[in-house]
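Peer 1: Pasting a structure below so you can have a look.
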Amino acid sequence: MAMTDLLSAEEIKAAVGAFSAAESFCHKKFFEMVGLKKKSQEDVKKVFHILDKDRSGFIEEDELKFVLKGFTPNGRDLSDKETKTLLAAGDKDGDGKIGIDEFITLVAES
């Protein structure tokens, strides 16, 4: 399944483009701009599985760094600071990774 099966290509392009500058990423604005916030919990789960590249059931810090590339191949890598900020926002149980329920909560709180 491709991200464009769930989200509009135009919204993805606009959202990724809005955060093309280094240190500009804001997950709350991004999830809203890309249209994820208004999606059903089932669709948010599908997006989680696309971003969980190693299929571990978690989005780990090394996968978070490439989160924009998960939406479109020409997305930039997040900086270490942006990655750690996103991880801190999503990792509710402190295990160093984001599980599916944590991801759903992260999107809902945006």
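Residue positions begin at 1 at the first shown residue.
Cβ coordinates are placed from backbone N, Cα and C, and glycine is handled just like the others.
Pulled these from TrEMBL:
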DOMAIN    39-74  domain 'EF-hand'
BINDING   D52, D54, S56, F58, E63  Ca(2+) 1 binding site
DOMAIN    78-110  domain 'EF-hand'
BINDING   D91, D93, D95, K97, E102  Ca(2+) 2 binding site
Peer 1: Taking only C-alpha atoms and a 10 A limit, tell me which of D52, D54, F58 are near K97 (Ca(2+) 2 binding site). These are the binding-site residues.
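Peer 2: Cα filter at 10 Å returns F58.
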Peer 1: Quick one: which residues besides D52, D54, S56, F58, E63 have a Cβ within 8 Å of the Ca(2+) 1 site's Cβ centroid, in sequence order?
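Peer 2: Apart from D52, D54, S56, F58, E63, the close residues are L51, K53, R55, G57, I59, E60, K97.
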Peer 1: Near the domain 'EF-hand' (39-74), which same-chain residues lie under 8 Å Cβ to Cβ, leaving out any that are not at least 6 residues past its ends?
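Peer 2: Residues 1-3, 6-7, 12-13, 15-16, 19, 25, 80, 83-84, 86-87, 90, 96-100, 103-104, 107 contact the domain 'EF-hand' (39-74) from elsewhere in the chain.
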Peer 1: Using C-alpha positions only, work out which of the binding-site residues D52, D54, S56, F58 is nearest to E102 (Ca(2+) 2 binding site).
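Peer 2: Looking at Cα distances from E102 (Ca(2+) 2 binding site), the smallest one goes to F58.
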Peer 1: Neighbourhood of the Ca(2+) 2 site (D91, D93, D95, K97, E102): other residues with Cβ within 8 Å of the Cβ centroid, in order?
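Peer 2: Other same-chain residues with Cβ inside the cutoff are F58, G90, K92, G94, G96, I98, G99.
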Peer 1: Count up the helix, strand and coil residues in the domain 'EF-hand' (78-110) according to DSSP, in that order.
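Peer 2: Output for the domain 'EF-hand' (78-110) reads 20 helix, 3 strand, 10 coil.
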Peer 1: Near D52 (Ca(2+) 1 binding site), which residues of its chain come within a Cβ-Cβ distance under 8 Å, counting only those 6 or more away in sequence?
Peer 2: F58, I59, E63
Peer 1: What's the CA to CA span in angstrom from D95 (Ca(2+) 2 binding site) over to S56 (Ca(2+) 1 binding site)?
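Peer 2: Just about 14 Å between their Cα atoms.
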Peer 1: Which residues in the same chain, at least 6 apart in sequence, have a Cβ under 8 Å from the Cβ of D54 (Ca(2+) 1 binding site)?
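Peer 2: Same-chain residues close to D54 (Ca(2+) 1 binding site) (Cβ under 8 Å, separated by 6 or more) are E60, E63.
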Peer 1: Sequence gap of 6 or more, C-beta under 8 Å: which same-chain residues meet both conditions with respect to D93 (Ca(2+) 2 binding site)?
Peer 2: G99, E102
Peer 1: Could you round the CA separation between D91 (Ca(2+) 2 binding site) and S56 (Ca(2+) 1 binding site) to a whole angstrom and send it over?
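Peer 2: Rounded to a whole number, the Cα-Cα distance is 15 Å.
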